[in-house]
């Protein structure tokens, strides 16, 4: 054995050993790399036999022959290390009829290989020389009795008689006239021994094998292999075509072993009906014998197999609907047999293999352990993101989405996460308890050209339904829906910021640049917006808001030309003492009417977020909106004194038209640069601002007990002032416009 005597021990023996009838002990062992093996321990006096067996095992390589690993000399004897196997005598009780039939076929192939390719004879084919590997295949061992056909002399046979099975010795060797068999009949001795072994195994076969086939096979054995005349025993290859070896399991196994030799037509026909043939087999047989043959690169490359068979093997059995074909394996068998194979396939970097694995990942991924998912599956799946194949990248992204539910986004995606998408959705069912920002003044506080989204039925969620007359047409494009503003308030839109209300129609001069950017309060700013609204609509509109005492709902329904809306509550102010004006530029002016010869401004800054107090319900309000196509867009409610109701002024005009404000359209700005724009003086308004005559466009004749209503251009929406004590310019120190000193 040469250098093997000094070789370090590279395995560890496990207890207990199994002792063969010949006295040979077989130990299970574990190699240094973690693989399993079997160690045959021979006595030192049998060193020649061990060397002979090791020589044959090294030179003879066949799937049905025991695979040799190493041979060393130890203190307790000579150790022959092979692949992990167990004696057939131990495993026979756990095997099914199909496995026994397939095992007999394996031993038959091994003997044919020895006879035809090696020109050797085994000389001891018996139960103790057959072993079962981990994958279920039967392996032929006991190679210490193997010799060439010409060397099987009577003397050699007598030398190995102590380790031979007496039942396997043919009758001709008992004759004193026995001589060496000729080369053409060298297989006769092994044929008889094989016939004896098969006959003993047929007794354990159950009803899975047809009685007719079994009876026919037994007759063939007696007439051929067990024939007492050696020359009448045919070669073992003649048994390969017998019906005993024509079962579904064996045919599937044989076809898969020779898959590379089959034509495309044969493979298509085979995989097309493979599911029907495999379904009749036991789950244990499929898991132990067929799974390694079906889950490999060759089968994954067959389109028919991928479409018609693999979906039923790549997932465990589950509750299925009526008429659906269930999967082949139970969850327990799938976990123990299929998952280890899939782990190995994930390390195969072939495109067609990865496509098949990821296409069915949802069916089996939950059967991996957390450690397997993190250390094997996830790293291998992530490799697909860097592949040049678009299909690999697409299926990889889909698989990562599946892994998120098992490993969590922190493991799959990595890094810190932040809330980017907020849960905001428009709500179309809200109560009518309106705060200041829900009031009609705030809802209709901006010109429709400033807001691009124009929604239909804007007041349906603001006012009670009883105020809508069935015969009153409403042009929904002229209004702005309250839900739009609610959405802006929720999402942090500039409209949700506190609005600074101007005094006397003039914006606060102390507004910062940030405020001017966030809220378009000037008409100039609004003109710079793109015209996303309806361009074909008339530019001039007049909207009058009048405050009336409460009337029954039936009276309101009788008005067909106006839209009267009754508000249940107003916040933060009293209806009898507050006038609210909305200018076209988006600013809101709030003033108190003159009651005792002095007028005081209302604070210009009202917060939309502070808690509001309910208004007094002594004077409920109605809001009437009248549209005119020839007037500019303006909304201005008339003033109502706290002591008296507004009196109706008899005139030739229509009802309420005396309060209509005639507004001139703002002139278009000169495109040329104004070199003196920075020289315009900045004049802060006093407590009461005197309206200059040039700013007035129309004055309604003063009537008794009626406050005059003045109309101004769209540039200034100044409050009505009747006092003349407040002066914009000093009377005594009038400015000299010709003076060059200032």
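Indices start at 1 and increase along the chain as displayed.
Note: Cβ is positioned from N, Cα and C throughout, glycine not excepted.
Record features, source Swiss-Prot:
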DOMAIN    2-245  domain 'Protein kinase'
LIPID     2  N-myristoyl glycine
MOD_RES   439  phosphoserine
MOD_RES   707  phosphoserine
REGION    506-544  region 'Disordered'
REGION    548-742  region 'Interaction with EZR'
REGION    568-598  region 'Disordered'
REGION    629-652  region 'Disordered'
REGION    723-742  region 'Disordered'
REPEAT    285-323  repeat 'HEAT 2'
REPEAT    333-370  repeat 'HEAT 3'
REPEAT    372-409  repeat 'HEAT 4'
Let me spell it out: take the repeat 'HEAT 4' (372-409), skip the flanking residues so only those 6+ beyond its ends count, and list any with a Cβ under 8 Å from a Cβ in it.
339, 343, 346-347, 349, 351, 354-355, 358-359, 361-362, 365-366, 417
I need to check the long-range neighbours of the repeat 'HEAT 2' (285-323): which residues 6 or more away from its ends have a CB within less than 8 Å of a CB in the stretch?
96, 98-99, 102, 135-136, 249, 252-253, 256-257, 259-260, 267-268, 271-272, 274-275, 278, 329-331, 333-338, 341-342, 345, 348, 350, 352-353, 356, 360, 363-364, 367
Please list, for the repeat 'HEAT 2' (285-323), how many residues fall into helix, strand and coil according to DSSP.
24 helix, 1 strand, 14 coil
Tally of DSSP helical, extended and coil residues in the repeat 'HEAT 4' (372-409):
34 helix, 0 strand, 4 coil
From the DSSP assignment alone, can you count helix, strand and coil residues within the repeat 'HEAT 3' (333-370)?
30 helix, 0 strand, 8 coil
